[in-house]
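Student: What follows is a structure written as structure tokens; I'll ask about it next.
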Amino acid sequence: MSTKTVPYTAYKVKDIELAEYGRREIELAEAEMPGLMALRKEYGASKPLKGARIAGCLHMTIQTAVLIETLVELGANVTWSSCNIFSTQDHAAAAIAAAGIPVYAWKGLTEEEFNWCIEQTLFFGEDRKPLNMILDDGGDLTNMVLDEYPELAEGIKGLSEETTTGVHRLYERMKKGTLPMPAINVNDSVTKSKFDNKYGCRESAVDAIRRATDVMLAGKRVVVCGYGDVGKGTAQSFKGAGSIVTVTEIDPICALQAAMDGFEVKQLETVLPKADIVITTTGNKDIVRPEHFEAMKDKTIVANIGHFDNEIAVSWLNEKHGDSKVEIKPQVDKYTINGKDIILLAEGRLVNLGCATGHPSFVMSNSFTNQTLAQIELWKNTDEYKNEVYMLPKHLDEKVAKLHLERIGVELTELKQDQAEYIGVTVEGPYKPEYYRY
């Protein structure tokens with residue numbers, strides 16, 4: 001068991017001179033992130049996160065910079081790393097570093113650098129005080145703490161997790177009895193999963209393919225592997241661009257949804273020979289396997305918008321066909337398999353952040369408002385929670401949504417008292433039971 005700290009490094013970014021450029025974009029994003037700005041106004045004076053030392057591991061983007069500065073405004077000390085080797089926007093990282101917040105992130109990390117950056121966030125300041133809160137995306141920070149620095153777990157009041165993959169890891173730990181602190185599953189808040197995962201991907205999936213390849217998407221045959229919330233948004237993204245979209249699914253309910261939404265649902269092997277683009281969205285492993293690559297036609301584009309790169313057999317590609325690899329431009333690589341060229345984007349990692357700038361600010365405000373509320377709840381009310389995985393209560397989910405309505409001109413109809421009594425709710429909400437599926 002480790003008892004060491006790590007040497008103090010104030011920050012490490014690609015180029016601190018990019019800070020002014022980053023600051024201008026952060027200010028622009030703030031106007032599109034009304035939820036976070038409302039929390040600053042509501043809680044800025046009371047500082048509910050005072051004393052919290054939050055280590056964050058989440059894509060270091062412009063939108064994340066607004067989240068970080070919101071946590072600081074609410075009283076927290078924050079350190080930050082990125083949860084993906086390609087997702088950092090270097091001007092965003094520079095702006096945060098220039099603001100005096102320790103950040104360790106740059107685009108194009110090696111795996112060794114990736115782990116080093118996460119490790120730097122575990123201890124705060126020159127006196128090396130350990131973290132006491134975790135804000136994670138994918139579970140890499142949580143795993144490092146629990147597997148390599150388990151002695152730190154006792155001092156951690158709680159953690160919040162952003163994405164499907166990380167939530168799966170938390171539930172596995174809970175089942176095994178190895179989760180030593182309470183956790184809030186932010187991913188499955190309605191205002192996260194039905195907005196970030198669906199509407200975010202609906203905008204960013206096509207954006208990434210266009211920026212990376214400049215291909216015409218209208219008329220192209222696109223295979224979307226998976227029809228969960230991410231798959232739904234991704235399929236709609238390509239459909240809106242005029243692509244001919246086919247979905248693959250293991251779940252009969254999701255498969256039926258895809259069919260009723262107007263998509264063909266087929267097995268991957270059936271549609272691969274004619275596919276122009278294949279994109280994985282499942283959060284599972286081994287979706288595009290060696291035999292699938294061998295069945296693809298010349299110039300097929302392959303990408304992933306799930307959290308990790310193991311949805312696609314990237315290791316096999318590099319082991320068996322690495323000698324044919326040609327970098328067309330950063331995060332766009334060509335492999336030759338049986339005389340056919342295959343185009344792999346972002347090395348099989350998150351394509352919307354590797355090849356573009358991720359989701360728009362407005363939809364990320366939904367997710368990050370959830371994250372902020374989760375951190376406040378765990379920090380202030382730790383004793384009310386067991387070492388289990390929890391959801392944010394529905395009244396907070398509704399609050400997140402309400403904070404974003406004015407920005408897009410939404411007018412809510414007000415429920416009358418007798419109407420509220422008729423359906424068994426209060427005038428103020430929550431308006432739906434816990435079992436309601438949006």
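Using the three backbone atoms N, Cα and C, a Cβ is placed for every residue, glycine included.
The feature substrate binding site is assigned by Swiss-Prot to Thr61, Asp137, Glu162, Lys192, Asp196, with sequence analysis given as support. What Swiss-Prot records for 163-165, Asn197, 226-231, Glu249, Asn284, 305-307, Asn352 is NAD(+) binding site.
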Student: With a 10 Å radius around each C-beta, find which of these binding-site residues (Thr61, Thr163, Thr165) has the fewest other C-beta atoms nearby.
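Tutor: Across Thr61, Thr163, Thr165, these binding-site residues, the one with fewest Cβ atoms within 10 Å is Thr165.
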Student: Rounded to the nearest angstrom, how far is the Cα of Lys192 (substrate binding site) from the Cα of Ile305 (NAD(+) binding site)?
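Tutor: Answer for this pair: 16 Å between alpha carbons.
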Student: Cα-Cα separation of Thr61 (substrate binding site) and Thr165 (NAD(+) binding site), in Å?
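Tutor: Checking the Cα atoms of Thr61 (substrate binding site) and Thr165 (NAD(+) binding site) gives a distance of 20 Å.
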Student: Round to a whole number and give the Cα-to-Cα distance in Å for the pair Thr163 (NAD(+) binding site) and Lys192 (substrate binding site).
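Tutor: That separation, Cα to Cα, works out to 9 Å.
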Student: So which binding-site residues are near Asp196 (substrate binding site), with CA atoms within 10 Å, out of Thr165, Gly226, Gly228, Glu249, His307?
Tutor: none
Student: Taking only the Cα atoms, work out how far Glu249 (NAD(+) binding site) lies from Lys192 (substrate binding site), in Å, as a whole number.
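Tutor: Lys192 (substrate binding site) has its Cα 22 Å from the Cα of Glu249 (NAD(+) binding site).
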Student: A 10 Å Cβ contact count, applied to the binding-site residues Asp137, Glu162, Asp196, Glu249: which residue has the minimum?
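Tutor: Output over binding-site residues Asp137, Glu162, Asp196, Glu249: least Cβ neighbours within 10 Å is Glu249.
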Student: If you count, for each of the binding-site residues Val230, Ile305, the other Cβ atoms lying within 10 Å of its Cβ, which residue has the minimum?
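Tutor: So among Val230, Ile305, the binding-site residues given, the one with the fewest Cβ atoms within 10 Å is Val230.
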Student: Find the shortest Cα-Cα separation between Glu162 (substrate binding site) and the binding-site residues Gly226, Gly228, His307, and name the residue that gives it.
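Tutor: Ranked by Cα distance from Glu162 (substrate binding site), first place goes to His307.
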Student: On a simple 10 Å Cβ count over all chains shown, which one of the binding-site residues Gly226, Gly228 is most densely packed?
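Tutor: Most Cβ neighbours within 10 Å: Gly226.
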